[in-house]
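Below is one structure, written out as structure tokens, with a few remarks after it.
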Amino acid sequence: NLWQFGKLIMKIAGESGVFKYLSYGCYCGLGGQGQPTDATDRCCFVHDCCYGKVTGCDPKIDSYTYSKENGDVVCGGDDPCKKQICECDRVAATCFRDNKDTYDIKYWFYGAKNCQEESEPC
């Protein structure tokens, strides 16, 4: 769920996901359209695509389980759908960590009006 996603961002990227990524670029936050503004926004685009492939549960509200093993987040549990949600979140949080240097404050609360180009397919 979105609360867990925020926690994973904190664990993996060391950033406050709720504040930093809630409304960033064209894809971080609710919805998404246009072209990703930078590598950070592309993390959100890929995350949106990943959520779009999840079937049988709701990525925004269903909870999942994970643990940390040797410093890495490992998704667990018996429910394959919830495990898929966890993997989407884990990959996105890792992407945020790996692309911290591309985060540009000018894209914070960027607004959909700036994202009018045709969206690329997942």
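Backbone N, Cα and C define each Cβ position, glycine as well.
Sequence-distant neighbours of Cys115 (disulfide bond) (same chain, 6+ apart, CB under 8 A from its CB) are Gly25, Cys26, Gly32, Gln33, Gly34, Gln35, Thr37. The disulfide bond annotation in Swiss-Prot covers Cys26-Cys115 (among others) and is backed by similarity to another entry.
Marked as Ca(2+) binding site by Swiss-Prot: Tyr27, Gly29, Gly31, Asp48. The Cβ of Gly31 (Ca(2+) binding site) has 9 other Cβ atoms within 10 Å, all protein chains considered. According to DSSP, Gly31 (Ca(2+) binding site) is assigned to coil rather than to any helix or strand.
Annotation comment: Swiss-Prot describes Cys28-Cys44 (among others) as disulfide bond. When other Cβ atoms within 10 Å of the Cβ of Cys44 (disulfide bond) are tallied across all protein chains shown, the result is 22.
With a 10 A radius on its CB, Cys43 (disulfide bond) counts 27 other CB atoms from all the protein chains. Residues or ranges marked as disulfide bond by Swiss-Prot on the basis of similarity to another entry: Cys43-Cys95 (among others).
Within 10 Å of the C-beta atom of His47 (active site) sit 23 other C-beta atoms, taking all shown protein chains into account. For the recorded site, His47 (active site), the DSSP three-state label reads helix. The annotation active site is assigned in Swiss-Prot to His47 (among others).
Residues or ranges marked as disulfide bond by Swiss-Prot: Cys49-Cys122 (among others). DSSP gives Cys122 (disulfide bond) a coil state; it is part of no helix or strand.
Marked as disulfide bond by Swiss-Prot on the basis of similarity to another entry: Cys50-Cys88 (among others). Taking a C-beta cut-off of under 8 angstroms and a sequence separation of 6 or more, Cys88 (disulfide bond) has the following same-chain neighbours: His47, Cys50, Tyr51, Val54, Pro59. In the three-state DSSP classification, Cys88 (disulfide bond) falls within a helix.
There are 16 other Cβ atoms within 10 Å of the Cβ belonging to Cys81 (disulfide bond). The disulfide bond annotation in Swiss-Prot covers Cys57-Cys81 (among others), and the record cites similarity to another entry as its basis.
DSSP assigns Cys75 (disulfide bond) to a strand. Other Cβ atoms within 10 Å of the Cβ of Cys75 (disulfide bond), summed over all protein chains shown, number 19. The disulfide bond annotation in Swiss-Prot covers Cys75-Cys86 (among others).
All protein chains shown were included, and the count of other CB atoms within 10 Å of the CB of Asp89 (active site) stands at 28. The active site feature in Swiss-Prot is assigned to Asp89 (among others).
Distant neighbours of the motif 'Antiplatelet activity' (105-117): 20, 23-26, 31-35, 37-38, 40-41; these residues of the same chain sit at least 6 beyond its ends, with a Cβ under 8 Å from one of its Cβ atoms. Residues or ranges marked as motif 'Antiplatelet activity' in Swiss-Prot: 105-117.
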Its Cβ having more other Cβ atoms within 10 Å than any other among the disulfide-bonded residues Cys26, Cys50, Cys57, Cys95, the winner is Cys26
Which residue among the disulfide-bonded residues Cys28, Cys49, Cys86, Cys122 has the fewest other Cβ atoms within 10 Å of its Cβ, if you could check? Cys122
Quick one: which residues besides Tyr27, Gly29, Gly31, Asp48 have a Cβ within 8 Å of the Ca(2+) site's Cβ centroid, in sequence order? Cys26, Cys28, Leu30, Gly32, Gln33, Cys44, Phe45
Could you state the CA-to-CA distance between Asp48 (Ca(2+) binding site) and Cys28 (disulfide bond) to the nearest Å? 9
